[in-house]
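Student: Feature annotation from Swiss-Prot assigns topological domain 'Cytoplasmic' to 1-83, 145-151, 212-339, 394-681, 732-741; the stated evidence is sequence analysis. As annotated by Swiss-Prot, domain 'HMA' applies to 1-67, with the evidence given as sequence analysis. Feature annotation from Swiss-Prot assigns Cu cation binding site to Cys12, Cys15; the stated evidence is sequence analysis. As annotated by Swiss-Prot, topological domain 'Extracellular' applies to 105-124, 173-190, 363-375, 702-712. The active site, 4-aspartylphosphate intermediate annotation in Swiss-Prot covers Asp431, and the record cites similarity to another entry as its basis. The Mg(2+) binding site annotation in Swiss-Prot covers Asp627, Asp631.
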Amino acid sequence: MKESFYIEGMTCTACSSGIERSLGRKSFVKKIEVSLLNKSANIEFNENETNLDEIFKLIEKLGYSPKKTLAEEKKEFFSPNVKLALAVIFTLFVVYLSMGAMLSPSLLPESLLTINNHSNFLNACLQLIGTLIVMHLGRDFYIQGFKALWHRQPNMSSLIAIGTSAALISSLWQLYFVYTSQWSYGHYYFESVCVILMFVMVGKRIENVSKDKALDAMQALMKNAPKTALKMHNNQQIEVLVDSIVVGDILKVLPGSAIAVDGEIIEGEGELDESMLSGEALPVYKKVGDKVFSGTFNSHTSFLMKATQDNKNSTLSQIVEMIHNAQSSKAEISRLADKVSSVFVPSVIAIAILAFVVWLIIAPKPDFWWNFGIALEVFVSVLVISCPCALGLATPMSILVANQKASSLGLFFKDAKSLEKARLVNTIVFDKTGTLTNGKPVVKSVHSNIELLELLSLAGSIEKSSEHVIAKGIVEYAKEHNAPLKEMSEVKVKTGFGISAKTDYQGAKEVIKVGNSEFFNPINALEIQENGILVFVGRVISEKEDELLGAFVLEDLPKKGVKEHIAQIKKLGINTFLLSGDNRENVKKCALELGIDGYISNAKPQDKLNKIKELKEKGQIVMMVGDGLNDAPSLAMSDVAVVMAKGSDVSVQAADIVSFNNDIKSVYSAIKLSQATIKNIKENLFWAFCYNSVFIPLACGVLYKANIMLSPAIAGLAMSLSSVSVVLNSQRLRNFKIKDH
């Protein structure tokens, strides 16, 4: 069984990886992925051995709060921004008390002046009050940090909580000695505690704002979903909940309202904003017979539509599910960071303790409390400067921003692995009809042995009973030439060959057939030299003989810009193949015209499947690009499956990437975005590893002899800047652009 739920209380990747590690050890858990950014988890488990309630109890034992739905955040007395502003004000107050006299004695009243650069008792008490206020404002770090430590799952909050608590306890201890007059002054760390918490809070605020902006993509889509719709019942409009709509319901769509579910216009017309699907801002004109999709907006006039999908299976619901899965899943490249994070925090605590002991022993002055002060500063600096957040954010933040960018391009990735793997593709296999071509064959020429209008009337009358795209092309041509369409009887369809029906022909009831050459008994074929899709029209004379009445030559024209986009793809060093069930001449012509490297014609679904198998066995990483309707086996066999879709035609289950642009440019865009994303992730990881590799030893005091020591306050600033730099670098993906040539 697969379930998705939310987890509150996670602060860094050590939290998410700890939950994964703990639950992953259970025999009944098949797979679990926890997303720090989404505060969510996807789990697959054996329902015969456990249930979701038991899994929730296991997570609660680790110190986190699992929830089936993400409840609204509790309203606090202070908003995050006000809380941060207060933290900054009180931090400056404590720093002013601590260091004001060092800068200029006139800054402080005489009663608060320091003794030998050390705060007096009253000064220290005021610092303590300011520090306790700042600690209260940052209390979440202590609650979550010590809770995680108690459950043996230490995280970033644990490091901050331990470090600042140690500094506070040391300061209180020394304040006690001053109060009892055993010491004339003490060396306090109140300003260090405040500055550390302030910098961390600033960093977290910037981080959370950036996360929220990146998560806005799904929130914006959800806002497109109307809660109610106007249902027609006995010629009356009834407002109903969208969840109650079933296939076949007739709905009225008013100007300025959103489409509730996928459907088809049956009366009226409209102009729809489909930018949430395609990324194109221009409205799309829709008339009777056209499909409309959930989440799109009707700009002008009202119309009636028939629902073809319910809310659960609508286009918008599928897109939201894809975005959620993509944001919650993990890329393979993140596994390294997860492994490091699992041992990172315990290792940092061990290093901090070791550094404290070493400095206590080797400190150059014989005074114990001076040595203790140096050792404590090193201990706090090591804990505070280490940044598991930079490691944890390196991959998911880039994936999050990349998915947001993809949706603006009309692209949707199934999961992070799809986004990651697209850049590795070295062979692309294209379906032809509807993928490279318009998918709407048009009549190119007509060859007739009878009067032309009679031929058009016969063919159009029979083909109007078929839903095949070729049939629609012939019917459209007949209508354009004002051919009368007759009533048919005994209509029979032979899939893959053609259609037959009984109708009036030359004063008698005759069986007329329309289809490919294999549909007819041996006849004297017309000499047709043109390339194209051949459709014959004939009269049945006997069971063994048909009379040829004429033939249509149709062509399915390539989509605009396809040739240029394929040239772009080939410049990336990618091999291209065309697989089609069409005849050899048409497929060859299409391949040559578009500059495709190889082709296979007359290909049945099994032939396409075998070709992809063959390419993969040769070590190729294969992307299959199709329409998702009849390419499911080939799409499933490929390494990366791309479905070129228009609304509800999409088969999400078969796709790794869905393009609602229905444009080959999307394939190039997906590959380039994948490359840019992985490059961005590597930059983030490089910075995160380098930062921790360089700054942790510095905090330990390895350059003490060169007079370089990092104070706890500077360590806090460095840690905040580290995670913020990863977030800001990830945001650069927002500026990702595709060059046309």
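Any Cβ shown, glycine's included, is placed from N, Cα and C.
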Student: Return only the integer: C-alpha distance in Å from Cys15 (Cu cation binding site) to Asp627 (Mg(2+) binding site).
Tutor: 41
Student: Could you tell me how many residues in the topological domain 'Cytoplasmic' (1-83) are helical, how many are strand and how many are coil under DSSP?
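Tutor: Reading the DSSP string over the topological domain 'Cytoplasmic' (1-83) gives 26 helix, 23 strand, 34 coil.
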Student: Taking a Cβ cut-off under 8 Å, which residues six or more beyond the ends of the topological domain 'Extracellular' (363-375) line up next to it in the same chain?
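Tutor: For the topological domain 'Extracellular' (363-375), the nonlocal Cβ contacts are 170, 174, 187, 355-357.
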Student: Cα-Cα, whole number of Å: Asp431 (active site, 4-aspartylphosphate intermediate) versus Asp627 (Mg(2+) binding site)?
Tutor: 8
Student: Could you give me the DSSP helix, strand and coil counts for the topological domain 'Extracellular' (702-712)?
Tutor: 4 helix, 0 strand, 7 coil
Student: Same-chain Cβ contacts of the topological domain 'Cytoplasmic' (732-741) under 8 Å, 6 or more residues past its ends?
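Tutor: Residues 398, 401-402, 404-405, 409, 564, 568, 665, 668-669, 672-673, 676-677, 680.
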Student: Neighbour count, 10 Å Cβ-Cβ cut-off, for Cys15 (Cu cation binding site): what number do you get?
Tutor: 29
Student: Return the count of C-beta atoms lying within 10 angstroms of the C-beta of Asp627 (Mg(2+) binding site), excluding that atom itself.
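Tutor: Around Asp627 (Mg(2+) binding site), other Cβ atoms within 10 Å: 20.
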Student: Give me the CA-CA distance between Cys12 (Cu cation binding site) and Asp627 (Mg(2+) binding site), in Å, as a whole number.
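Tutor: So the alpha carbons of Cys12 (Cu cation binding site) and Asp627 (Mg(2+) binding site) sit roughly 41 Å from each other.
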Student: Tally the residues of the topological domain 'Cytoplasmic' (732-741) by DSSP class, grouping H, G and I as helix, E and B as strand, and everything else as coil.
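Tutor: The topological domain 'Cytoplasmic' (732-741) comes out at 4 helix, 0 strand, 6 coil.
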Student: What are the helix, strand and coil residue counts for the topological domain 'Extracellular' (363-375) according to DSSP?
Tutor: 8 helix, 0 strand, 5 coil
Student: Mind giving me a neighbour count for Cys12 (Cu cation binding site)? Other Cβ atoms within 10 Å of its Cβ, every protein chain shown.
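Tutor: If we count other Cβ atoms within 10 Å of Cys12 (Cu cation binding site), we arrive at 27.
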Student: Please report the number of other Cβ atoms within 10 Å of the Cβ of Asp431 (active site, 4-aspartylphosphate intermediate).
Tutor: 25
